[in-house]
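Student: I have a structure here, written as structure tokens, and I will follow up with some questions on it.
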Amino acid sequence: MASGQSRSSLNKPCILLIVIAGMERFAFKGVASNLVTYLTDVAKMSNSAAAKKVNNWCGITSMLPLLVAPLADSYLDRYTTVLASSSLYVAGLLALTSLALQWPWTNSADKSGFCSSLSWSLNLISLGQAGYNPSLQAFGADQFDDDEELPSSKNDQSSKKKSSFFQWWYFGICCGSLLGVSIMSYIQDTLGWGLGFAIPSIAMAISVIVFRFGNRFYTHKDGEIIHIKSLGDHIVKAVKAATSRLTCGEIAVPTYTNKSNVVEIELEDRPLCQQDSGSKDGADKKSENGINFVKILKVVLPLLPVWTLLLMFAVIFQQPATFFTKQGVTMKRNIGSNFRIPPAALQSSITISIILLMPLYDTFFIPFVRVFTQNEKGITVMQRMGVGMFLSVIAMIIAAVTERKRLDISRNLVTSSETVPMSIFWLLPQYILLGISDIFTVVGMQEFFYSEVPTNMRTLGIALYTSVFGCGSFFSSFLISVIENLTSTRGAKQNWFSDDMRKARFDNYYWFLALSSAASFLFFMVFCRFYTSRTIVD
């Protein structure tokens, strides 16, 4: 950053990368937000099967970064990882688009072949995103000058800059998500799925091109600009490094460094046997190129309690793309005589809430709370996550009450129509509350998992944050399976996830999620009283 530029503002590379991240979110949300409708209407899946399919795919998408991030941190630079993974990402989107275009003209009876092709396309997107998202975000944080390196400085200026970066990063991806949810859901419902998947594919391809040609503006932490042709060299080095680790074990020894009055735990690799390198520098370089699983465990294990307690929050955030959307299908959606609101478009209210209210967080909330807490940032990162968890519980209580009202109206109808004379806008409060909780918890999660890992493992930190939502997706699918088995067996009154929306009991499921999340919130509050941050300011 130029010396004359305000130290509180983001530099140009960061802004460019935030825009690129927003374009990626537009592409992803353009597919994910309305996927449950595609599965039920085109693939003819049941409500529960479609919800589990979406949850499992989201789980795979969010969990794969945990496998890719250590490889990216150990063997590849972040710039190269973004370029390599983005090619898989675009390929998956193009395959999904091709499938949507071909399906109406092929044998619709071949459902197994369709589902297999669909799974391959979605998994290819997941694999590409696994390296793309955490590496892009960590690469964005790398754009700060050395004297601004996160997470701290004597006057806490870098800590403020770190919070600002993650907040604006989230603001950028919310803008992309808003466009993806609102525009693409309408196009998919009215103009067709082929065009609805083609536009996200084009947007993602453009973002990759912009990222590639923006290379001259970026700061590379290793002091050199990486070109595409070096990818093969990195892979060869990775294989050699991994081979040497198999024949010569190593241990990770924690050491403590004190920079700018900040104590941060760093983990150094110490080889157990000598390398035939001929020089000390060669040995040191090799020790930095491998995956040290002991080192990873030492970093990850202290964070697991927080990670686990956030799972129910992640489960709740699977509802807008699944059961909230199916609720909306049955409600009155007309505006005027011609326009009907796509049910998935209501997810945009979450991102609208974030976009409108996030600036108020810094402008009004922090100054107000600072009076009581005497904390420069208003509340701590842990407190910020806790507030969001509490708001998500309230959102699920409102969702349960609203769904109960929808069921009562539906059962009193004389006709057999599934559409009830109840406006879809009754769902807005639960969406908006989830958006507000997002501002607190998700931004806090990004900052927490980034700050609580050593500097050379930032990509893993971002992957830990995304993996919460991955496991939350799998856990959500597991809960649906268990509850469906329990409520559909002989003797049970009714199936909570019945395809007949007049008989489904989503309200019971929402109450169950609210109670479970409330329990997680209470345990989180207790744990926070005993948790000691990895980074301690003297």
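Heads up, the Cβ atoms here are built off N, Cα and C, so glycines get one too.
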Student: Need the matching range: TrEMBL marks transmembrane segment on one of 16-34, 54-72, and I'd like to know which.
Tutor: 54-72
Student: What stretch, picked from 78-101, 385-402, 422-450, has the most CB pairs under 8 A with the transmembrane segment (509-532)?
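Tutor: Stretch with the highest Cβ contact count: 385-402.
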Student: Give the nonlocal contacts of the transmembrane segment (462-483) in its own chain as ranges (CB under 8 Å, at least six residues past its ends).
Tutor: 48, 51-52, 55-66, 68-69, 133-134, 137-138, 300, 303, 307, 310-315, 317-318, 445-446, 448-450, 453, 496-497, 509, 512
Student: Before we move on, state whether the transmembrane segment (422-450) and the transmembrane segment (350-373) share at least 3 Cβ pairs under 8 Å, counting only pairs 6 or more apart in sequence.
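Tutor: Contact confirmed: at least 3 Cβ pairs fall under 8 Å.
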Student: Under an 8 Å Cβ to Cβ limit, what residues of the same chain, 6 or more beyond the ends of the transmembrane segment (78-101), are close to it?
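Tutor: Tertiary neighbours of the transmembrane segment (78-101) are 24, 27, 31, 68, 72, 114, 117-118, 120-132, 135-136, 138-139, 142, 192-194, 196-198, 200-201, 204-205, 207-208, 211-212, 215, 218, 220, 226, 228, 230-231, 234, 459.
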Student: Excluding the flanking five residues on each side, which residues at least 6 beyond the ends of the transmembrane segment (168-187) place their CB within less than 8 Å of a CB in that stretch?
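Tutor: Distant contacts of the transmembrane segment (168-187): 10, 14, 18-19, 21-31, 33-34, 137, 140, 195-196, 199-200, 342-345, 347-348, 351-352, 354-355, 358, 442-443, 446.
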Student: How about long-range neighbours of the transmembrane segment (350-373): same chain, 6 or more residues beyond its ends, C-beta under 8 Å?
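Tutor: For the transmembrane segment (350-373), the nonlocal Cβ contacts are 167, 170-171, 174-175, 177-178, 181, 320, 379, 431-432, 434-436, 438-439.
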Student: Counting Cβ pairs closer than 8 Å, which of 54-72, 193-211, 385-402 has the most of them with the transmembrane segment (296-317)?
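Tutor: Answer is 385-402, with the largest number of Cβ pairs below 8 Å.
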